[in-house]
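Feature annotations, courtesy of Swiss-Prot:
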- 5-242: domain 'AB hydrolase-1' (DOMAIN)
- T11, S80: 2-hydroxy-2-methylpropanenitrile binding site (BINDING)
- T11, S80, C81: acetone binding site (BINDING)
- S80: active site, proton donor/acceptor (ACT_SITE)
- D208: site 'Increases basicity of active site His' (SITE)
- H236: active site, proton donor/acceptor (ACT_SITE)
Amino acid sequence: MVTAHFVLIHTICHGAWIWHKLKPALERAGHKVTALDMAASGIDPRQIEQINSFDEYSEPLLTFLEKLPQGEKVIIVGESCAGLNIAIAADRYVDKIAAGVFHNSLLPDTVHSPSYTVEKLLESFPDWRDTEYFTFTNITGETITTMKLGFVLLRENLFTKCTDGEYELAKMVMRKGSLFQNVLAQRPKFTEKGYGSIKKVYIWTDQDKIFLPDFQRWQIANYKPDKVYQVQGGDHKLQLTKTEEVAHILQEVADAYA
């Protein structure tokens, strides 16, 4: 079996803690694993009101790739909204990325605005239940909407089949976050030369209660990945509810692309 260096990227409002089950599962198989907190996430000391864009939010990933030794490549695994982090990183450091893995994730394309899949997600799932919304003005004068994910949303739509302990952990450590949708809408498209050229693997389940099946099928049809894996059962957090299945898939990704 081939071993690889996996870099695990959480979604907005979360942190590296979301990978606490998958990281050791991959390490037991001999892989190197780095789980990063994005800006104003997890234990990163910044507040979301200090972050001006999704690119700035991605800074820890970009800094990590910048420092990666020349010739070394990683497989980036992004959950949920972290597909955007993968795209941003691939446009800057395409030579350092062996593949991008989209885990029940946004799958942006290179044809439309970077906000396109966000807009489609919000059309598919417009009511974020008991989520609270706030606004602030960023450095360029844009009004940024932030959110604190509601506990009902977390339990019924994200951590649907997770244990009570995993749900309680999420409630305790969840932070405010943002999709930076209006800033993404003005951002240049992702490039064919960068993001468009990396290998893309899509992992999903039709039991996801926020990235609904029709939305995920639409994404796959819109920007066809190199490989698609459909996991049976689970929920939005496959890394928690189907840990071994995801680890097995990632081994196949390593065998193919590392």
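Every residue, even glycine, has its Cβ placed from backbone N, Cα and C.
Keep in mind that this is a model prediction, so the values were computed, not measured.
Structure with Swiss-Prot features highlighted.
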residue : record                                        : DSSP class
T11     : 2-hydroxy-2-methylpropanenitrile binding site : coil
S80     : 2-hydroxy-2-methylpropanenitrile binding site : helix
D208    : site 'Increases basicity of active site His'  : coil
H236    : active site, proton donor/acceptor            : coil
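Other residues of the same chain near the acetone site, with their Cβ within 8 Å of the Cβ centroid of T11, S80, C81, are H10, I12, H14, G78, E79, A82, G83, S105, L106.
In this structure, the CA atom of D208 (site 'Increases basicity of active site His') is 14 Å away from the CA atom of C81 (acetone binding site). If you measure from the Cα atom of S80 (2-hydroxy-2-methylpropanenitrile binding site) to that of H236 (active site, proton donor/acceptor), you get 8 Å. Over all protein chains present, the Cβ of T11 (2-hydroxy-2-methylpropanenitrile binding site) has 27 other Cβ atoms lying within 10 Å. Within its own chain, H236 (active site, proton donor/acceptor) has S80, N104, N157, L158, F159, T160, D208, K209, I210, F211 as residues 6 or more apart in sequence whose C-beta sits under 8 angstroms from its own. Listed in sequence order, the residues of the same chain lying 6 or more apart from C81 (acetone binding site) and placing their CB within less than 8 Å of its CB are T11, I12, S105, L106, V118, L179. Regional average pLDDT for the domain 'AB hydrolase-1' (5-242) in the model is 99.
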